[in-house]
Every structure is written in structure tokens, then in C-alpha cells.
């Protein structure tokens with residue numbers, strides 16, 4: 001098996017619409033003149049002169065215009081001893097860079113997407129909105145951020161990992177800095193456990209060396225062979241560096257169905273007592289980590305990551321109710337360009353199966369099959 005999943009495709013930046021050729025040529029000459037003037041041009045003037053040509057949304061640049069600007073910049077760099085291409089952020093106008101999105105923008109995007117797209121998960125939303133931006137705003141974290149997302153299928157775990165990736169990198173899950181592992185795909189054979197451990201360590205080390213703000217997503221943790229995930233324990237611990245590499249700025253997301261029974265038990269008790277699920281607190285699910293640790297059918301079974309308190313947050317995803325399924329149907333209709341038809345919304349929601357049998361409170365598959373069921377009506 002390969003050491004890791006191949007990189008996903010990366011989209012190319014598309015230039016804006018072309019403007020007048022003469023205006024672009026004039027801008028290029030002006031840039032060259034500014035960069036050559038007085039012999040004292042520094043990187044600030046380099047950025048200032050090239051900004052009209054390189055800024056996001058700028059008009060397409062003809063080779064002669066950009067060539068004149070770069071020629072002037074090169075001349076200036078030779079005079080000042082400052083390399084143009086070493087100027088921070090220069091290449092980020094042309095290709096994806098490691099955490100290039102401003103952190104203030106990141107927090108806004110993350111909060112907006114969670115509010116708009118994630119339903120019935122007050123605890124998960126609260127933890128994610130606080131922990132991810134808080135971690136990225138810390139210039140010197142003591143350890144990587146490790147979040148373990150737990151709940152039944154269709155409750156939003158994969159969806160939230162996608163939102164987190166998109167809030168940090170424009171390419172989202174296709175970014176070369178976002179790496180996904182699926183247990184049944186990448187680690188299928190128990191007899192290869194030792195090989196998997198070595199490969200996993202090498203792959204994480206290589207990607208963090210390339211980008212300190214790498215994101216690693218481990219899906220189907222409940223199907224992972226026990227003991228495998230412990231091989232990455234050194235990377236999640238409180239080490240300054242390991243063999244010259246610091247892992248403290250990386251993000252690790254673990255997705256699992258383990259612990260879903262405990263979450264459902266608490267959610268059902270809330271419903272029976274007439275309490276609002278939005279009033280649920282993390283302390284109401286403080287035994288979640290113990291449940292996961294003692295689950296023999298989980299990759300976290302007796303894991304040192306839990307025993308050594310290296311998982312920062314166990315994030316519970318509550319089972320979705322009938323009203324949440326209807327919200328998912330409405331969003332899917334809008335995303336396909338349809339006007340929301342409440343009759344269709346109700347029919348799709350009614351076709352889902354719910355539990356417990358008598359009360360029919362929670363959807364067995366959350367919103368997972370909404371898309372395919374909606375196809376029948378469209």
C-alpha cells in the first residue's frame with residue numbers, strides 16, 4: 001500500500017477579464033520606473049508596484065506588461081540586495097500557499113458556514129467555532145489541535161471536517177495541505193499493521209515538513225485496527241520538535257461512530273424530560289471519552305492518545321430529529337436551484353426511518369440519504 005492517499009486535484013486560478021492592452025502596458029512601465037527610481041527601492045515598493053498586476057481580481061496581464069514590471073523589480077532587487085521572489089506572499093498570488101487565508105476571515109467564514117449548513121448540533125458548533133480559530137490565532141501552540149468527532153452516521157461529522165478544511169484552504173478537501181485517511185481503504189489488513197504504522201509516521205512527517213499547518217483527517221476510526229493510531233502519539237504530544245520537525249501547528253481530526261450509543265442515551269433523556277437540546281452542555285456528555293476508550297470495536301480502544309489526554313476535545317454529534325431532516329431537504333433543494341416545495345420536503349422527511357420504534361424521534365441515518373431520496377421527486 002502507498003504511504004498515503006494521492007493528492008486531490010487542485011484547481012488553477014483563473015485570470016480576470018482582460019482590460020485595455022495600453023493600460024496594462026502603461027502600468028508595467030510605471031512599475032518599472034518606480035522600481036528603478038533612486039536606487040533605494042525595497043520590497044515594499046516591489047509589492048506596491050506589482051499590486052495592480054497581481055491583486056486578486058485584477059485584469060489579465062499580458063507577458064510584455066508583466067515582463068517590464070518584473071524586469072524593473074529584478075533590477076531593483078540587484079541594487080538593494082532584496083530578492084523579489086523571497087518577498088512574503090508573492091507566490092501566493094499564483095498558487096495555493098500554506099495557510100494563506102487571513103485568520104480573521106477564516107473565523108468569519110467558519111462561523112457563517114456552520115450557522116448556515118449545520119443543523120441540530122449546538123455542542124459541535126460551539127466547540128468548533130471556539131477551538132479552531134483560537135488554535136490558529138495562537139502563534140506558538142504547545143501541541144497540535146486534536147479533535148475527535150463522534151456520533152451516528154449522517155449527523156454531520158464528515159460535513160464539519162469539510163467545512164473546517166474549506167475555511168482554512170480555498171481548495172478545501174482537495175488542497176495539497178489537507179490529507180484524508182479512510183480506515184477500510186488505507187489500512188484494510190491487520191497483518192500489515194506494522195507496515196501501516198511506519199508508513200503513517202513517514203507520511204505525516206513529510207507533509208508537516210512541507211507545511212506546518214497541515215490538516216489530517218482520519219475517517220472510520222471505529223473501523224481502524226486497535227493500536228494503529230497510537231503510532232502517531234509522538235506527533236500529538238507536547239514536544240518542541242522531533243528530529244528537527246515541529247508538529248505543534250498541525251490539525252488532526254478523528255471521525256468515529258464510537259460513542260454514538262452514549263450520545264443517543266443522553267439526547268433521549270433530554271427529550272423525555274422535556275428539555276431543549278440546545279441547552280445541553282458538554283458536561284452532560286463528560287463520559288463520552290471513557291465510552292470511546294473502552295469500546296473494543298474502535299481504533300481508540302485503550303489508546304494512549306486518550307490515556308495521555310492528547311485529544312483536546314471529544315465533539316458529540318447528536319442524533320437528528322424530524323425537523324432537522326426537513327432543514328437538510330430545504331438546503332439541498334436550494335443548492336440544486338429549485339424553489340423550496342414544502343410538500344416535497346415533507347414527503348422526503350416522512351420516508352426516512354426513525355428510532356426508537358414507538359416514539360420515532362431520531363433519524364436512523366441522519367441526513368445521509370436525503371440527496372438520493374430527493375432525486376426520486378426531481
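Even glycines carry a Cβ here, placed using N, Cα and C.
Range 1-23 is the one annotated as region 'Disordered', of 1-23, 24-46 (source: TrEMBL). Long-range Cβ proximity for residue 153 (ATP binding site), meaning a same-chain Cβ under 8 A and a gap of 6 or more residues, is found for 257, 365, 366, 368.
The Cβ of residue 151 (ATP binding site) has 157, 257, 259, 260, 263, 316, 317, 318, 319 as same-chain neighbours under 8 Å, each 6 or more residues away in sequence. Mapped onto DSSP helix, strand and coil, the domain 'Torsin-1A C-terminal' (320-377) counts 32 helix, 5 strand, 21 coil. Each of the binding-site residues 154, 155, 156 was scored by the number of other CB atoms within 10 Å of its CB, and the largest score is that of 155.
Taken together, the residues in the domain 'Torsin-1A C-terminal' (320-377) have a mean pLDDT of 95 on the 0 to 100 scale.
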